[in-house]
Amino acid sequence: MGFVNGNRMPTTDKVCIHWRAGRCTRNPCQYRHSELPQQSSNNNNGMGSRRSPVTQPSDHGNFSGENFFSRRKPNIYNRADTQPPSNCGKDHGQGAGAVRGPGSRAPLKTQNKICTYWVADKCSYGESCRFLHQWFVSDSFTMLTQLAGHEKKKVISGIAFPEGSDKLYTGSKDGTVRVWDCRSGQCAVVLDLGSEVGCVISEGSWVFVGIKNCVKAWNTQANNELTLNGPSGQVYALAVHNEMLFAGTQDGSILVWKFVAASNCFEPAAALQGHRGSVVTLIVGANRLYSGSMDNTIRVWELETLQCIYTLTDHTSVVMSVLCWDQYLLSCSLDKTIKVWALTMSGNLEVVHTHKEEHGLLALSGMPDAQGKPVLICSCNDNTVRLYDLPTFTERGKIYAKEETRAIQTGPGGLFFTGDGNGDLKVWKWSEQSPEAASTMQQ
């Protein structure tokens with residue numbers, strides 16, 4: 001018996017609606033996991049077949065490696081105002097006028113508006129719905145797959161992709177760290193820590209996980225595990241620089257450990273005091289450590305002396321994330337702003353630009369797109385992730401989720417990852433084609 005997309009041959013010509021939405025778990029499934037062959041008016045000997053929309057991935061397999069990417073071409077027609085060529089006519093998210101067969105017509109879509117009923121798995125309109133049935137709006141990137149495993153309704157609080165590794169590490173408030181095989185897309189290891197995970201980072205062959213009252217450290221090459229005691233309460237943020245490990249804690253202190261190569265362990269080095277609220281974000285840049293806190297401030301620490309040299313007070317609510325880009329420091333807050341800081345001639349850090357959002361901001365990350373242009377990725381507490389060109393803050397796209405996205409991590413080859421409060425882990429990839437080229441093809 002033949003196979004279609006890895007499943008046993010269906011017993012009907014009806015396409016599985018759950019497969020189209022990327023949610024079918026039956027294997028084998030009695031319905032088709034591929035679109036019906038297109039009837040072409042040009043006699044092409046039956047070669048005009050439709051492909052499944054890349055905005056609704058149907059498998060949960062490999063998300064790294066050339067073979068996986070080569071069979072998923074970027075969908076540059078996922079905006080509501082575009083009209084693709086007829087051979088893409090039934091891809092989801094098209095505008096009116098797409099070829100759908102005799103006597104039928106695609107519904108007009110409300111651009112950039114996601115169907116809330118579809119998000120809740122309750123939309124009964126299917127393709128006739130005038131709102132978007134997809135997790136993103138952009139012609140610059142696409143969703144590759146969603147990795148299921150963490151407990152639902154538990155926040156994914158950290159993602160790490162060690163450099164040169166083929167494993168992805170994710171931590172959740174379900175008390176586990178999951179290790180994903182990038183070749184198969186399957187969860188290879190589940191580490192039960194017995195405590196909510198506050199953050200996950202990697203540096204070289206080391207993976208660090210912040211939990212309540214300690215930091216767990218794994219050397220993925222030597223296959224050994226360390227427990228670093230000392231924190232009081234939850235560890236919310238971690239950073240590494242020059243063999244020093246920094247941990248931002250619930251009581252407002254920043255603990256410092258120094259790596260000792262001879263014993264292959266970390267020894268306590270210092271405790272930085274000054275914040276009056278929990279330290280929830282850390283970043284190192286230009287030989288300085290930047291810390292953001294629930295006391296609404298950013299503190300700047302000189303790494304050589306471990307002394308605080310600046311306290312930045314321009315934010316009016318919790319500073320949720322800090323990021324170094326070029327010669328600038330970027331910070332985001334629940335006060336609904338992203339602030340860009342730069343050194344003045346006098347040596348002080350001052351705000352040179354403020355970007356305002358309609359909702360509070362939760363996390364920042366940055367990476368180059370497929371053309372090497374810098375892009376800022378920021379999550380908001382309206383369950384969206386916004387992507388902006390830097391330095392112009394021109395919008396490049398928007399990602400939707402069922403709950404707030406708390407973890408964003410970039411990877412090699414144009415990959416990036418998001419983890420949200422629903423326990424959903426999604427894998428994304430920048431399109432090779434520039435938006436300008438896509439726009440030219442659409443004309």
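Every residue, even glycine, has its Cβ placed from backbone N, Cα and C.
Automatic prediction, not curation, is the source of TrEMBL annotations.
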For the record in TrEMBL, which of the ranges 109-136, 277-304, 361-388 is the zinc finger one?
109-136
Please find, within the list 10-36, 334-360, the residue stretch that TrEMBL describes as zinc finger.
10-36
With DSSP, how much of the domain 'C3H1-type' (109-136) is helix, how much strand and how much coil, in residues?
7 helix, 3 strand, 18 coil
